[in-house]
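A.B. asks: From TrEMBL, for reference:
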type: BINDING; residues: B:Cys21, B:Cys25, B:Cys28; note: [4Fe-4S] cluster binding site
type: DOMAIN; residues: B:7-222; note: domain 'Radical SAM core'
Amino acid sequence: MNAAVPVINRMFRLQWEEAQEAWVLLYPEGMVQLNASAAEILTRVDGQKTIEEIQRELLTKYPEAEGLEQDVNDFFAHAQTLNWIRYV
Amino acid sequence: MFETAKRRQPLWLLAELTYKCPLQCPYCSNPLDFASAGQELTTEQWIDVFRQARKMGAAQLGFSGGEPLVRQDLEILIAEARRLGYYTNLITSGIGLNAQRIAHFHDAGLDHIQVSFQASDEEVNQMLSGSAKAFAQKLKMAREVKAQGYPMVLNFVTHRHNIDQIDRIIELCVELEADYVELATCQYYGWAFENREALLPTRAQLERAERITNEYRERLAAQGHPIKLIFVTPDYYEERPKKCMNGWGELFLTVTPDGTALPCHSARMLPLTFPNVKDHSLSHIWNDSEGFNYFRGKGWMKEPCRSCDEQDDDLGGCRCQAYMLTGDMHNADPVCAKSEHHSLIVEARLAAEGDVSTAMTFRNERNSRVFFKG
């Protein structure tokens, strides 16, 4: 159960980049290319959904994925240390 | 700051909108003969450049100069760049900014503002910028940038005259709520090369500054402070050169005020022909022009780079530095201890230990005309 509501930090902008065929996070004078799973999670971060709701959405989309909930929790912990997200 | 791209794309577009600037910093990276540059690109020409570069993969756009605020069409350029999907960065001295303009840029979609400071106090700031009111204006504008919710980077070019104030510089940045702080030790190109003797810090000064920066990093991290301190060491105290621009024509594309396209903002000094966006498409410039292809790959290398097992780490270092110091742009960057010209760097370090002249040539129109007539 995780009722926290993440939102992308104002410093960063999430954007699909056609030239790289990838989601990226843009920030002052820099850019990080996201892998597919990071993009699946971050594109669901809207300042409304809880982490639990995001996990549920992903489980519906990928019912066979093992350890998905833990992966999502780990991702958010990591994203917070990178300052990508904060909680509302 | 970029992860490696799969294909060679100009991910970073630096738009040097104008060489005009109200300050006259003696370490400016603009060319010495900037006063001889041709007419500035028009609004429409800049927008066309942005559109072409975006199609080629550019994602970051820096508005720079000179002082970009001098351009009255800046708001239009920001709005168009943002509409095209760029992350837009305004790199400014803060002179010419006011709360209303910051708000207008915000409405236009500006993502981030970087304010450059010369020092942490008025006196040194004034000596370096040649402006008495600049410091107070910068403080005011930095506060306004944060008040309006922008991410803010503060940039301090450090050198002999301000590096001993590093603790006060960092404290000022914390107080101003900077998100990132670039403590960028002066790199010796353009006007800074002209003034190198008066600017190069001693090794002891540098080591002290780095130690204090690390202490602040630990202390701030322990407090959970989100500020990031980026300390850029000067390559004059290194034994291996930097991988300049992450490779020639790999990532960066600079367009100068008159439309000349460069693989880095210093490259104009080299005896190469660089194309102009008024004459060629960006795709031709990036992919096919002689200027952008000349130092791609490693085929141009001479010894000791050609047979060096570290050649992929630094690609021979900076071409401009090799040219400025040795007269041959194909040589190894003399920062490298393997270069036969490394003694030039060692001599500069030794000179910094002695009494140095504090006389500097300030970057202004009058001094610039001397360089292009001479």
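Cβ coordinates come from backbone N, Cα and C, glycine included.
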A.B. asks: When a 10 Å sphere is centred on the Cβ of B:Cys25 ([4Fe-4S] cluster binding site), how many other Cβ atoms does it contain?
C.D. replies: 24
A.B. asks: So for B:Cys21 ([4Fe-4S] cluster binding site), how many other CB atoms are inside 10 Å of its CB?
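C.D. replies: I get 23 for this one.
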A.B. asks: Within the domain 'Radical SAM core' (B:7-222), what mean pLDDT does the predicted structure show?
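C.D. replies: Summarising the domain 'Radical SAM core' (B:7-222) by its mean pLDDT gives 92.
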A.B. asks: Helix, strand or coil by DSSP: which one applies to B:Cys21 ([4Fe-4S] cluster binding site)?
C.D. replies: coil
A.B. asks: Report the same-chain neighbours of B:Cys28 ([4Fe-4S] cluster binding site): residues 6+ apart in sequence with Cβ closer than 8 Å to its Cβ, ordered by sequence.
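C.D. replies: Listed in sequence order: B:Cys21, B:Gly190, B:Trp191, B:Ala192, B:Arg363.
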A.B. asks: Reduced to three states, what secondary structure does DSSP give B:Cys28 ([4Fe-4S] cluster binding site)?
C.D. replies: coil
